[in-house]
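In TrEMBL this protein carries:
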TRANSMEM  37-58  transmembrane segment
TRANSMEM  79-98  transmembrane segment
DOMAIN    96-384  domain 'FAE'
ACT_SITE  Cys239  active site
ACT_SITE  His318  active site
DOMAIN    401-480  domain 'Beta-ketoacyl-[acyl-carrier-protein] synthase III C-terminal'
ACT_SITE  His402  active site
ACT_SITE  His406  active site
ACT_SITE  His435  active site
ACT_SITE  Asn439  active site
Amino acid sequence: MNGGTAQSAAAAAAMPPHRRLPDFLQSVNLKYVKLGYHYLITHLLTLMLLPLMAVILLEAGRTDPNDLRQLWLHLQYNLVFVLVLSAVLVFGATVYVLTRPRPVYLVDFACYKPPAHLQVRFEEFMRHSKLCGFSEDALEFQRKILERSGLSEETYVPEAMHAIPPQPTMANARAEAETVMFGALDNLFKATGVKPKDVGVLVVNCSLFNPTPSLSAMIVNKYKLRGNIRSFNLGGMGCSAGVIAIDLARDMLQVHRNTYAVVVSTENITQNWYFGNRKSMLIPNCLFRVGGAAVLLSNRGADRRRAKYSLKHVVRTHKGADDKAFNCVYQEQDGEGKTGVSLSKDLMAIAGGALKTNITTLGPLVLPVSEQLLFFATLVVKKLFNAKVKPYIPDFKLAFEHFCIHAGGRAVIDELEKNLQLSPAHVEASRMTLHRFGNTSSSSIWYELAYMEAKGRVRRGHRIWQIAFGSGFKCNSAVWHALRNVKPSPNSPWDDCIDRYPVELVDGFPIHKAQQ
């Protein structure tokens, strides 16, 4: 494919100026060539079977009825063979039905929207930081990060961080966790009509706040969940833990029949604000904001009619065996004994490596055969002929209609947009979620899906790719299939502002500010 492209370009260059096609027409031609190739490979089996079926029908039309009668008599004399064949077919069908994975449906989900008084404007953020005793150098660094972050001035920090001085107490951290989790769960139970007592599996993930009793126990106590509930509390797993929680819930639903699973994904800021001056540990202060999501999953066949999505694949990649990857997002104390999360300069390179491994596993599960053939062909050419051929990047736009890229920061979104060759429209939900709500950690992929629903873009049959990165270092993917034209959930976090989006950004600023 690359060789053909080079020859086309050389031929175009050799043409007289008056006969050359304009550049945009050449790109259009290449686009249609690729679409034609994709269509041909996708429907190759059908195109090959059509002549075969035509021949079979013609031969069947010429068959003498006496020949059919002889065939029937032959089968009667070989009754044992027919019975054995039938038994094998029935046994095989039974084994297939009993061993195939049970479908897992996403009935609905809810994202927590904090009250307006918790919004933090940049001026207020800097004023509070100054009162907290940060050095002038650290203050200037934070100001630059805020301005280039892509965050708006409508994001939220917890109540304890609005106080002067801040009050990062255990009680306030518990209050933040309860407010976020219970707020999302109240909306979820109200929207779905499911009673808390019907929930058989509960999975909660929060990386940095793990009190005793656990967050999952707090939910069991609040909603008086049943005594035999399978509850799990995932801690220290970073921003990709939401996909891990979905994977765990899916596994539990394969074992326990006819039940619901609730996944709660959140992060806690109150006790995890950094008050030192090390720049690598100041970045989370500028990016992380209050947020959380609750997701209702079901393996009940009756729920398919009302469910929004079915879960198709979960692919998890863990690079923790590599020391650089393990240390690139690391909670520690600085020289003054102040605790924070340090981000390595190698973070984006490590994330790129984890992404490559993840999509290498995911690709064969979701990509059309045409893309897999191109990828395999370039790999063979590179290995066998030691050619300097660039690795072929599969076109994931042929596999997915929607992309939910973890809103970890502008650099993360920019990198994936570039590496996966996505258009601005494909990363719109991620950029707008970062702008409106900031980095809400593991729940950001749900705010992004809520954005797409609020825009009315998710139609029956669409495929959604949720991809997130987290400490460890991990890259995790979840693939969903829309079962119907999806409407936004009640009390969507975008209800009061979706008409204002998308906001056009330049270097992290809204376009009207960039022009001033």
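Placed from the backbone N, Cα and C atoms, the Cβ positions cover glycine too.
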Exercise for review: Provide, as an integer number of angstrom, the distance between the C-alpha atoms of Asn439 (active site) and His406 (active site).
Suggested key: 8
Point to revise | For Cys239 (active site), the one of His402, His406, His435 that lies nearest, given that the active-site residues are compared by Cα | key: His406
Revision key, fill the gap. Within 10 Å, the Cβ with the most other Cβ atoms among the active-site residues His318, His402, His406, His435 is that of His406
Revision key, fill the gap. Most Cβ neighbours within 10 Å, among the active-site residues Cys239, Asn439, goes to Cys239
Revision key, fill the gap. Closest by Cα to His318 (active site), out of the active-site residues His402, His406, His435, is His406
